[in-house]
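Annotated features in TrEMBL:
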COMPBIAS  1-13  compositional bias 'Polar residues'
REGION    1-95  region 'Disordered'
COMPBIAS  23-34  compositional bias 'Low complexity'
COMPBIAS  62-78  compositional bias 'Gly residues'
DOMAIN    78-225  domain 'BES1/BZR1 plant transcription factor N-terminal'
COMPBIAS  80-92  compositional bias 'Basic and acidic residues'
ACT_SITE  424  active site, proton donor
ACT_SITE  618  active site, proton acceptor
C-alpha cells in the first residue's frame, strides 16, 4: 500500500505524517479515534495527505518514483483512494437529492402558498417565512420572538399557535414535558451504518417516537411524557383541519359572445360591448376570452388579414383594465349548433376544397366535414402553394405583429390555439349535420386520399400491407359499441390490426398538435399557450371507450390514452384547458349512454397533473343551478388533494351577454367568489 516515505530529507515538511488505518489491523475499529473518516471528512483527509508536485518528481511517494516498496504496497493505497472517491460521489448524490427536495418545497410554497421567498432561498428562509406566517417575528440575525414582546437575550423557537380551551400555562408545561422526553430518548447509531442508512434511521425515529424497531433507540418510559404527548395529540385532533385549496385564487375569465365581430371584421355594437364589460367588472371577473376567427380575418383572400374590428374591441377592453385571452379559431362555428349565426372556414379555402375535397376530413361513406382542415395536409402544399401549418403560422404571426403593443403591456395574458373541431384537440367525429345524436359513437375520419396514403405507407413499413385500410365493422355515427364488431367486448379494436390502426390514428392527432405548437411557440414567445381538451365521457364504461377512439384518443380500459398527448403538450410548456362536463341529463340517461363524466374528468385532470402540466377549465353546458355550481368548484378545487392541486384559471361560457340577466347561471357571483377564495365552505 502507499505510505509516506519517512527517510530523512525526503519527506515534505509541510505534510504531517498521518498513519494509514489499514496498517494496524488489530486496532479496535469501534474506537472513535480510529474510525475512518467519511463524507466531507474523508475528502479533507485525502487533501491533507495528497502528494505535491515536488514529491512526485523527487520520488518521495512510495510506489510512484521507484522508491522502496513500490512493487509491494501499491494495492492497498489504490483501494483506499477508490473508496474515498466513491464516498465523494455518494456525498454528491446525497446533496443533489436534498437540493432537489428543497427546490420542490420552495417551488410549492411560492406557487401554492404565496410565500415571498427569494430566488435563491434556503431552508433558513423557509423556516423564517413559516414562522412569520404563524405570527412570529424573525430578525435578520435569526432572533425569533412573538410580535407582542421582544425578550432580551432569550431565543424562542417558532411554533404554530393552537386555538384551544386549554390555558397557556398548561401548554407550556406540556411543551416542557415533551422536551424532557426528547432529552431522555437518545438515538444510538450503529457504527457500521452508512450515511444513507443513517438518514433512514433518523427519519424513521422522527416519524415514530418510541418505535422499538431500532435497538439503539431508547423507549419513552416517563409517565409525565406520555401524558404530555397525549394532551398535545388531543389538542391537535380538536383543531379543525384547514383545506388550503379553498383559499387559492383561481382567476375567472368570461367568454364574450360570438357575433360581436361581423363577417367583414368590424365591431358590431361598441356600446353594447361596454355595457357587457362594465357588468363583468362589477362581478370581479379577471378577464375576457375572445375568438379570433380565421374565417373572418383571412376570410376572402389568402394572406390578407383584417384586424380593424378586433383592434377597436381590444382598446375598449384595455379601458376596463381586464386581462385578455385570445383564441386562434381555425375551425367552423355554427355547423353543429342551431342558430342564425354562422362562421365558416375562409372562402378561398372552400374554393380550394371544391377542386380538391380531400383537404377536408372524410368518413367511410365519403362525406366531407368542413369543420376544420384535414391534419394530413399539414405538410402538403395544397393551399395556394402553402402547407396547412404554414397557413396557421402566417395567421398567428400576423396577429402577433399587429398587436405587439398589447403583448408588451401584458394585456394579452394567454393565447389559445385551436387544433381541431370546435377548437378542441379532436377529430370531427360527431357532426350533427350528418345526423349524429348523443350518445352515438361517431365515425373514424380518415378516408381522404392523404390519410389513406399515410396509412398504407405505415402498414407496409410494418410488413402488413393489408392493414393499410380503415375498419369495415366500426358501425355508423349513432351506433352503440355492442352493435359493432370492432368496438364490442373483445372486439377487433384489441386485435393486432386494431391496435395498429388505433395507434396510427391517434398519432395523427398528436403529430398535428406537435406541428402547430412548435410554430405557435415561435410566434408567441414568452406567452402562455393554451390547448383545449374535450370531454368525451359517453361509452366510457365500456371496455373499448368507442367514442374516445373515433375522436382520436386511444384510451380503452386497458390503456392510458391521455398521457402521451400530455407529454407532447409538456414539451411545449402548454397549459391544458379541460371542458368540464356538467349535470346535463338525468342519472338514468347517463346509465343508458354508459357515460361516466366524473371518471373521465378524474382521469384527464390527474393525467395532466402527473405530467406536470398546468390545467384550466371551461364549462361544457351554460345553465347551472347551485348543485351544478358546486360540482364545477369541486372539479376546479379538489377537496383534500394531497398536493393541493387546483385549476390555474376557469373560463365561463354563456350563450347570451351577461348584462341581459345571467338567467342561465343565477349563482354566477357566488361562483366567482368561491373561485377567488373569498367565500369558503
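Backbone N, Cα and C define each Cβ position, glycine as well.
All TrEMBL annotations are machine predictions without curation.
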Distance, residue 618 (active site, proton acceptor) to residue 424 (active site, proton donor) (CA atoms, angstrom): 12
Cβ-Cβ distance under 8 Å to the residue listed as 'active site, proton acceptor', same chain, at least six residues away: 255, 532, 577, 578, 579, 580, 650, 651, 652, 653
Three-state composition of the compositional bias 'Basic and acidic residues' (80-92), taking helix and strand from DSSP: 13 helix, 0 strand, 0 coil
Packing count at the residue listed as 'active site, proton donor' (other Cβ atoms within 10 Å of its Cβ): 22
